[in-house]
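One structure is given here, and the rest of the page talks about it.
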Amino acid sequence: DRLWSRLSKVNVISFSSSPMAISDEPQLLRNGSVRIGSVLLRRRPSATSVNGLFDSSSTVEGESSGEELVKDSSSDDSVSSDQNIDASPEQDRVNYISAIQFTYRPSVPAHRRIKESPLSSDNIFRQLQSHAGLFNLCIVVLVAVNSRLIIENLMKYGWLIKTGFWFSSKSLRDWPLFMCCLSLAIFPLAAFIVEKLAQQKCIYEPIAVLLHIIITATAILYPILVILRCDSAFVSGVTLMLLACIVWLKLVSYAHTNYDLRALANSIEKGEELPSTLNMDYPYEVSFKSLTYFMVAPTLCYQPRYPRTPFIRKGWVLRQFIKLIIFTGVMGFIIEQYINPIVQNSQHPFKGNLLYAIERVLKLSVPNLYVWLCMFYCFFHLWLNILAELLRFGDREFYKDWWNARTVEEYWRMWNMPVHKWMIRHLYFPCLRSGIPKGAAVLIAFLVSALFHELCIAVPCHIFKLWAFSGIMFQAPLVLITNYLQNKFSNSMVGNMFFWFTFCILGQPMCVLLYYHDLMNRKSKLDQS
C-alpha cells in the first residue's frame, strides 16, 4: 500500500495524445504488472533474486523472447503473489516504460488461440455467452412497434374503453352473484363440523365421507344455478365460478387430508408399524384456526401447519399492489382497444371463409397473448405473492419457468403449481394406488381440468358448446406429439416453439372467436324473442 501511494504520485508518461488514451491506456498494477487493454504484462524474477523478489535488473516477461512477451488476460489473469511490492518507484518506472516499448510490436503474435465467433452455433448458447445487448434491442424494437400500433389504433378507432360488457354498473343484476359469493363460507364451516364429529367418533367413517361428498357437490352446483338464473355480466360470472372452483378444490383437499391423517392415527393407536418412508410432520388435529388460514391461503393443498415468514414487508406489498393496478389497466386497455374490434369484425371460424378466419386468428393472437401474459403476471405473481406476504405464507412457488417448457407435459407441470400439486396429491397418485394405469390416470387428470375450464367459461356465457373442454382434452395428444419431437430432435427449441404456436398462436385465439360468436348469436336470439 505504501508503494502504491508513492506510485500514484509519479508522473510516468502521458498518453493524452495517443489514440490508445481512452480504451487502451496502460495501467500499472499493485504487483508491478502492466495492463494495456486486454493485454497483461508481468515481471519475472531474475536468477539472482532472493525469495522470488525482483531486483534492479527486473525486465518485462518475455523481454528476451518474443513469444513470451504478451499474456492474454482471458487465459491468464492470475498474478504471482511472490512479487516484490517493496520495489522503489524508479524501478517500477523503468519497468513501466520498458513494457510500453514492447507492447504491440510487429513481432508480437496477434493470434494465439482458436476462438469461435460470438454468434456461431457452437458458441451462441454457451452459458458464458451474454446476449444482453440483443435482448435490450428486442425490448426497444418491441416498445417502438407497439407504440406505433397504439397510436394507429387510437387514430383509427378512438377511445373505445367501456364498462357495459364487463361490469353491469347501471343495474343490480350482479347482486345475487355477490351474495352467493359471500355465502360460500358456509361450506367450509359445514366441512369443519363433519371433521370434528369424525374426530370425536360421533359418526362412522362412511357417513363422514358421504357428508363431504354432499358438501363439495353443493359448493359447486349452487353457484352454477345462481349464474344460470341471473343475466349477469361476464366478468362477474367468471369471478364467482373461479371462487366456487377454488372452494371446491380446497374442500376436497381438506376432507381427503383429514381422512388420511385419521387413518394413520388409527393405525398408530392399534400399534401397527408404519412404513419408514412415511414422514409424519404433524399430528392429526381438527382446528378451526388452521381451516380458516387454509381457506384464505394461496394454496389448494391442506395441512395443519405451513412454513411462515417472520414478518410482513409493508412497503413491498404496496409496490406489488401498484403493479397489480397498472397491469390490470393494461389488460383492460388491450381488450377494449384491440381484441374487441378484431372479434367484432370477424366471422365464425367454422362458418366463414377459411383464409379470412386464419387472418383473424393470427391478428388476434398477438393482443390475446399480451392479455394472457398480463393475466399470468397479475394473478400468479402479483396477487398470490401479495396474499402470501399478508398471510406470511412461506412457500411461494406458484409457478416455475413454464416459458422454457420443451413439451406440453412440462408446461402443465410448471404453469400452475397450486393446481398441479393438488392434482398430484389428490387425484393422480390416488389413481395409481388404486391400480389405475399411468396413462389412464393422466387422462383422468386432463378430464377433471377440462371440466373445470368448461364450467368457468361456459356457465358465465350461458353457452355449452364444449369448446374449452375440447381444447383441454386436445392437450393429451399434444403431450405425445411434443414428447416425440423432443426425443427425435433432441433439441429443446423444437418442442418449445411447437408449444408456443399451438397453445398461444392458434389455440387461444380460436377459442376466443368461437365463444364470442356463440355469445353474440345467443344475445341476438334473446333480443328477437
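Backbone N, Cα and C atoms are what each Cβ position is placed from, and that goes for glycine too.
HIS453 (active site): 18 other CB atoms within 10 A of its CB, across all protein chains. Under the heading active site, TrEMBL lists HIS453.
Summarising the annotation, TrEMBL assigns region 'Disordered' to 52-88.
What TrEMBL lists as transmembrane segment is 134-155 (among others).
Note on the transmembrane segment (175-194): residues 203, 208, 211-212, 215-216, 218-219, 222-223, 226-227, 229-230, 232, 236-237, 239-240, 243-244, 247, 250-251, 254-255, 286, 288, 291-292, 295 of its chain, located 6 or more positions outside it, place their CB under 8 angstroms from a CB of the stretch. As annotated by TrEMBL, transmembrane segment applies to 175-194 (among others).
Here TrEMBL flags 206-228 (among others) as transmembrane segment. Within the chain, the transmembrane segment (206-228) has long-range Cβ neighbours (under 8 A, six or more residues past its boundaries) at 176-177, 180-181, 183-184, 187, 190-191, 194-195, 197-198, 237, 240-241, 243-245, 247-248, 251-252, 255, 259, 455, 459-460, 462.
What TrEMBL lists as transmembrane segment is 234-252 (among others). Long-range Cβ contacts of the transmembrane segment (234-252) within its own chain (Cβ-Cβ under 8 Å, at least 6 residues beyond either end) map to 165-168, 174, 177-178, 180-181, 184, 187-188, 191, 212, 215-216, 219-220, 222-224, 226-227, 294-295, 300, 302, 419, 422, 426, 452, 455-457, 459-461.
Here TrEMBL flags 321-339 (among others) as transmembrane segment.
Marked as transmembrane segment by TrEMBL: 369-391 (among others).
TrEMBL lists 440-460 (among others) with the feature transmembrane segment. Long-range Cβ contacts of the transmembrane segment (440-460) within its own chain (Cβ-Cβ under 8 Å, at least 6 residues beyond either end) map to 220, 224, 227-228, 232, 234, 236-238, 240-242, 245, 419, 423, 427-428, 431-432, 466-473, 475-476, 479, 515.
A Cβ distance under 8 Å defines the sequence-distant neighbours of the transmembrane segment (466-485), meaning residues of its chain 6+ beyond its ends; these are 406-409, 412, 442-443, 446-447, 449-451, 453-454, 456-458, 494-495, 498-499, 502, 507, 511, 514-515, 518. What TrEMBL records for 466-485 (among others) is transmembrane segment.
If one looks beyond the transmembrane segment (497-516) by at least 6 residues along the same chain, the residues whose Cβ comes under 8 Å of a Cβ in the stretch are 339, 343, 346, 348-350, 357, 360-362, 364-365, 368-369, 372, 405-408, 411, 457, 461, 463, 465, 467-468, 471, 474, 478, 481-482, 485. Among the features that TrEMBL reports, transmembrane segment is placed at 497-516 (among others).
Away from its own ends, the transmembrane segment (134-155) comes close to residues 337-338, 341 of its chain (Cβ-Cβ under 8 Å, at least six residues beyond either end).
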